[in-house]
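Summarising the annotation, TrEMBL assigns transmembrane segment to 6-24, 36-55, 61-81, 88-106, 163-184.
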Amino acid sequence: MITADFLGKVAGGVALFAFVPYIISILRGKTKPSFASWFIWTVVGFMIASSYYYSGADSTIWMAISYFVGPLIVTILSVKYSDSNLNLLDKTCLFLVGLSVVVWGLSGSPLLALLINIFADFLGAIPTIRKAYKGPASEDRLAWSLYFASSMINLFAVEEWVFSIAVYPIYMFLGVGLTTILVFKSKSRTHTNP
């Protein structure tokens, strides 16, 4: 019998493995990661994994851990391999994420911290969503397909459909799904300057 714990570990493993083609694509010069997005996702990934764990996550925690470790590696690479010019949107998102960290520190509630960090994660996604919309070829299709597959598997790992446990897997499924759709949009697979 396939257990929720097993599915959670599979989702986390697939999520972590998804970073392999993404990292290879960066090293080959095909993918230009948004430094702002990946830096935000690293910081927020740590905060989400922590607050999600303290909110009661068990079998679904592995994906959250993967979404800290993978972005950390990509952030380090993006220092060298991205167009590190921060535009107004990037700076605004970074500021709002910093503000969310302060609010989390003052709140003391794991659930409130989780919700704030999901919002911060969404802010971090905005530069990449914008980049994927304007230049879908600037992102790796295989990596985003694997991210999406892991988010779908993680939905099946939810053991108890209570808000504090289900909100993160649902958010990831929807957010990663949107980016994946944009990366696959057929209108323009040419590389443009996002």
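Positions of Cβ are set from backbone N, Cα and C atoms, glycine also.
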Distal contacts, the transmembrane segment (6-24) - CB-CB under 8 A, six or more residues away: 31, 33, 58-63, 65-67, 69-70, 73-74, 77, 140, 142-144, 146-147, 149-151, 153-154, 156-157
Cβ contacts under 8 Å made by the transmembrane segment (163-184) with residues that lie 6+ beyond its boundaries: 48, 52, 55-57, 60, 63-64, 67, 110-111, 114-115, 118, 121-122, 125, 128-129, 132-133, 136, 139-141, 144-145, 147-148, 151-152, 154-155, 157
